[in-house]
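Below is one structure, written out as structure tokens; comments come after it.
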Amino acid sequence: MNLPQEKQCAINPAFYQFINDEILPQTTLSSVNFWYDFNCLISDFSKKNSELLSTRHELQTQIDQWHRDNPHSGNETAATAYREFLQSINYLTPDVDDFEIETTNVDPEISTMAGPQLVVPVSNARFALNAANARWGSLYDAFYGTDVIENSGEFATAGGFNKQRGQAVINKAKDFLDQHFPLNHGSHHEVSSYLVYYQHLLAFFPDGSESGLKNACQFIAFDGSKSEPSFLLLKNNGLHIGLQIDRHGKIGSTDKAGIDDIQVESALTTIIDFEDSISAVDSEDKVAAYRNWYGLMKGDLSASFTKNGQTLERHLNYDRCYTAKSGEMYRVPGRSLLMVRNVGHLMGTNLIQDSECNNAPEGIVDALITSLIGSLDLQKNANDTFRNSHTGSIYIVKPKMHGPEEVRFTCELFSRVEKILKLPENTIKVGIMDEERRTTLNLKQCIHEAKSRVVFINTGFLDRTGDEIHTSMAAGAFYPKSAIKFEPWISAYENNNVEVGLKCGFSGKAQIGKGMWAMPDEMSQMMKDKIGHPKSGANTAWVPSPTAATLHALHYHQIDVFAEQKNILARTPAKMSDMLTMPVMPTSMRLTEQEVNSELENNIQGILGYVVRWIEMGVGCSKVPDINNIGLMEDRATLRISSQHISNWLIHNVCTKAQVDSVMTRMAKVVDKQNEGVVGYRRMSPHCQQSLAFQAAQALIFEGESQPNGYTEPLLHAYRILAKQQVSS
Ligand SMILES: CC(=O)SCCNC(=O)CCNC(=O)[C@H](O)C(C)(C)COP(=O)(O)OP(=O)(O)OC[C@H]1O[C@@H](n2cnc3c(N)ncnc32)[C@H](O)[C@@H]1OP(=O)(O)O
Ligand SMILES: O=CC(=O)O
Ligand SMILES: [Mg+2]
């Protein structure tokens, strides 16, 4: 390479080979130029990357000091002083004039449609394929397999197929049809057959009478013959559903109208996650993750696995083709539109190291490599089977950015990547995760920095609570975790995000999103709570699984998000003073010993349950039971909250180290028991101090105050690397 010695980087051989042999030959880029440009990119952007991290540290140090100098500053004068202080250190940045975003070439799933967003760890090919295919889901399966129908008494699922539960599923599904696809008269419950008459859907009743749809335009297309259709495609609020008709089917044979299932357009978009739901600590892990992303972009990713004693092979689904009511072909996407979440600015990777063996900033490497692989999609023609973006865009979700300066850096990075890959300017779009306090408080300025590439601002995130705790660590003891959610800062944060997004012209151009439903098995509760997301003007919200996507999709049939957005623009905006109000307990407030203990037990069970699988098994996202035995989705963001919360209580003497130690030892046994029989699991008890996972959990708690912004990845990576060495030695 023709670079001065100090600019030359060492590249991991397996990574080099993967990119050189498998990816670059499919592009017009020359290998020599690519690696040269890669080296220059790293050397040109690394310094700024470290400066940004230093700024984070300096700001945090000043904030901690301010709290020490202004203890218990809960009154109005102190609030004004606090705000002025944040302005003086440029934590609060100067406002920018009103503007509208200018992003172009955005796929409709992001710009003009409203529906669920699924997130999936890239490292799990089986799940990733399932997620990509989750554009469509079975409503009957989602109702039958979850608690949206009570799983007890006559409806219990134990044993084989429960016919009564099956009938309850059908009834519930037909209620849904009556609500959102009503007939001119009569009910879908009574229909004995459907057929297509000219361009209309007709439903027939047992007495020979018939009815069309109240809104005839909802009928879009069909499959099979007009007189005996096998599939009827309908549309409401921009989302399709399909009645699958098969009088010989398992369910269809028992149904009056022969409906065998109702297929629901579910996950419009999916985030393929390289960040908080995976454990990728070295070149080996990273190359495996890039390889899966490559398979998704190329379209040939497959996974074979055993389920219920059967060996199954999973591939990407094809698009679906039907006959439009006009007689032409009607094609609907068979897969979710894929976005890719890169890592943030914090960590380094040994995929590529500088002349002094320093790891390159991982975010820079991710930007180039996920875009390089993403660019393969852009070579496909419009009718190519597995084309992802039909508007020529690559969608990168960038997490954990702190304020406008960091967003600007990301945009400069993407611009440089476009030059290297010879892509038109602004091909690479950015999703801004509004999950750090400095981004929330300066959201308009952040969007302004990315106004030509921004495709989403998402809010309601778990990381945001982690950052709330860490930023104000020195201010006082935080409320218990469940109470933090009811303090004014969080609704102000969420409302502000939607309002700022709408004022910046997001409606019809980009997504305003909401956060994760973190109780994957509590679908009945999700159906009650998560309707709040579309109601609040968000045209997408995160779900943990395909089933959750199918169920959450029903909310978007109920709520016309784009109509809601118009009302929101007229309301009184969220107040900065509320966003700045820290969820810290008044000094007069004392929790009982039982309250403290139960909070510790819950947090520590979650921490250990997650960390042990991360460190010993390399699993980045797990379902871990809480103390009430409700399975919670745990990832690095939930770990950040729990570990920071305990650190905060230790600092403010709400609990003692001895108390934490004792709960940890007790909970290690509980977690070991929960994981009994899990292949690859390594116990922590009884010799907890020898367990790397246990040590990692201790470090996360006891060294929580000194972790950069309270992030968990530096310690997780360090201990996982040790665990990998232990296994291989
Ligand atoms: C704060 C944040 O950053 S949130 C973003 C990060 N979080 C995520 O990405 C959550 C992703 N979700 C998951 O990883 C999983 O749903 C977990 C870990 C929460 C639960 O996993 P499990 O206990 O294995 O799930 P469960 O047993 O209920 O279901 C497994 C089935 O659902 C599917 N599934 C579950 N989650 C997903 C998903 N996110 N995408 C695709 N398929 C999924 C699996 O493919 C599997 O089906 P299969 O057997 O046909 O392959
Ligand atoms: O990244 C998501 C979050 O909730 O944090
Ligand atoms: Mg996050």
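Cβ coordinates come from backbone N, Cα and C, glycine included.
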Joining VAL119, ARG126, PHE127, SER277, PRO544 at the acetyl-CoA site recorded in TrEMBL, out of ARG83, ARG247, ARG314, is ARG314
Against the domain 'Malate synthase C-terminal' (595-698), which of these stretches has the most C-beta pairs under 8 Å: 15-78, 161-236, 338-572? 338-572
Densest Cβ neighbourhood among LEU462, CYS621 (recorded positions), 10 Å radius: CYS621
Using Cβ atoms only, which residues of the same chain lie under 8 Å from ARG341 (active site, proton acceptor) while being at least 6 residues apart in sequence? VAL119, ILE271, ILE272, ASP273, PHE274, GLU275, ILE396, VAL397, LYS398, PRO399, GLY431
Could you give the mean pLDDT over the domain 'Malate synthase C-terminal' (595-698), rounded to a whole number? 97
In terms of Cα spacing, which of the binding-site residues GLU435, GLY460, PHE461 are within 10 angstroms of ASP635 (active site, proton donor)? none
So if I take the recorded positions (ARG341, GLY460, CYS621, ASP635) and measure from each Cβ to the nearest atom of ligand 2, which come out below 6 Å? none
